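What Swiss-Prot records for this protein:
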COMPBIAS  616-639  compositional bias 'Low complexity'
MOD_RES   A2  N-acetylalanine
REGION    379-509  region 'Required for the interaction with the SRP68/7SL RNA complex'
REGION    527-671  region 'Disordered'
REGION    545-617  region 'RNA-binding'
REPEAT    11-44  repeat 'TPR 1'
REPEAT    109-142  repeat 'TPR 2'
REPEAT    226-259  repeat 'TPR 3'
REPEAT    406-439  repeat 'TPR 4'
REPEAT    447-480  repeat 'TPR 5'
Amino acid sequence: MASGGSGGVSVPALWSEVNRYGQNGDFTRALKTVNKILQINKDDVTALHCKVVCLIQNGSFKEALNVINTHTKVLANNSLSFEKAYCEYRLNRIENALKTIESANQQTDKLKELYGQVLYRLERYDECLAVYRDLVRNSQDDYDEERKTNLSAVVAAQSNWEKVVPENLGLQEGTHELCYNAACALIGQGQLSQAMKILQKAEDLCRRSLSEDSDGTEEDPQAELAIIHGQMAYILQLQGRTEEALQLYNQIIKLKPTDVGLLAVIANNIITINKDQNVFDSKKKVKLTNAEGVEFKLSKKQLQAIEFNKALLAMYTNQAEQCRKISASLQSQSPEHLLPVLIQAAQLCREKQHTKAIELLQEFSDQHPENAAEIKLTMAQLKISQGNISKACLILRSIEELKHKPGMVSALVTMYSHEEDIDSAIEVFTQAIQWYQNHQPKSSAHLSLIREAANFKLKYGRKKEAISDLEQLWKQNPKDIHTLAQLISAYSLVDPEKAKALSKHLPSSDSMSLKVDVEALENSPGATYIRKKGGKVAGDSQPKEQGQGDLKKKKKKKKGKLPKNYDPKVTPDPERWLPMRERSYYRGRKKGKKKDQIGKGTQGATAGASSELDASKTVSSPPTSPRPGSAATASASTSNIIPPRHQKPAGAPATKKKQQQKKKKGGKGGW
């Protein structure tokens, strides 16, 4: 073996060492030996190539790229396009990697593999799908399973981010990775129950494969399963089972997986569950979305969703400037996106600046007419919250693509009815019916609108206007007796002769299968429980004077106990129910008898109160003109001294005891 200082070792011997170290996977020692060869011949192309490979194997991508860029002239004939592109890819210089691959002299299989990865990172899924299809079709080696996994990942990405219906590529779900990607594709199509079943299958396959792998550590199964469990929790969240989803999310976070992308997505989903509640927990979780390298692990739409939720969290926590800063940044990145401007408008509304919010929305609507419908709906909602119903109706009627929809017609008619603008409500009906007449005549929505318009006009006494609608409905269905009856009723006030003529179309009672026995109906006694609604007749209670019910009442009525000193010969005082001060014979107290009647007066008189009223105590007594609330409300004011956590109900014994003690202190006249 050549030592570091032995300069006499031959180059072939050094190459033998490099070969041996490479076969053993000891690329650190192989790199040292290659450097010795380069000291002998610094322009040795093979040695430079080996050095780049050793650096890549050791994860030193920057240093490997520097070697390639430094020796560009020497390596011109021996192209290292793959190594250079791979270093750029691992350093997240994706655009540079794409240029390197496209400028390569020869497109080898390994370059195509890398090309597919680069296209996937750039989210150019259609091109990526074509590359992987070609690789799966034309490659025959031990990496076929990995290529199929990558192919299924592209299909899942298209389904989720581009809402493309995935085509059946005939991929067998033989591994947990393939099952996981298939489930992701189903989630993008909204097939949540089926996706959950496939994820459960992926979990079983993952546990089985990891148990068979003797080289894996105990942390490997948990790391692999965390991704599957995270997707299961997401399905539970979409199904509205937020408690189960939250529990599963927190279990994954406790495992502390090393995948920063997974942690960021889970933290973001927890924040969406918390919304404006539990913001302290959301503030802790949002730190996970700021981890280093997250931007390279997630797609653009995932990163955008995280930023949206950061802006909303800032709004919920009253960080107005932070909210505006994030939403403005999002708007600059995606000027046509709705959410940033909606968040800004919501923040302005929280600050009671509704007018500015409406102006902001109107400006966005003018700049992006393709999104005007959603913006105008929000503007109308703000106008309604301000109580300006008429203006809200005008905004809603300006949405051309929605003004004929039954839901919009219903909302407009309701608001116009609230404003008592019946003419405008009828105009809304007329315009909607005319649209369906031109585009979808005789459709269910068309006939439903005509019927609702007729009912509305009849409700507000517009019988003449309702006649044309009812006639149109009756012509569509001459057997509709209900519509015919409405039409006859309307004509009876406008044209009695026409009403009489139409009444001939009504079926006779014999032809109607009502199955009513007229004689039985006339002979029936009628309602038998009418008396329940009113009071009982006096005579009804007489037969029950000695019945069982009366005995029960006698048992309930117990005679009250008489006082011990009760004298039946003495007539009770007729004014005994009045307070003493309001009785006719009350003359007030005589002077000089206060001390003798302590404890004999009305409730609430104490020694403290009597001492405060004693004018003989001039030195230690409080001022004769008490401050408001210091005399009659003395007990109430002192109770406020007790801290909130020690407060007890006013009727509690401890409170009364404390009040009495304080009143006794007051009797001494001290401050």
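Each Cβ is built from the backbone N, Cα and C atoms, and glycine gets one as well.
Remark: secondary structure over the repeat 'TPR 4' (406-439) totals 31 helix, 0 strand, 3 coil, with classes taken from DSSP. Of the recorded ranges 11-44, 109-142, 406-439, the repeat 'TPR 5' (447-480) has the largest number of C-beta contacts under 8 angstroms with 406-439. Secondary structure counts, DSSP: the repeat 'TPR 2' (109-142) has 27 helix, 0 strand, 7 coil. Taken through DSSP, the region 'Required for the interaction with the SRP68/7SL RNA complex' (379-509) splits into 99 helix, 0 strand, 32 coil.
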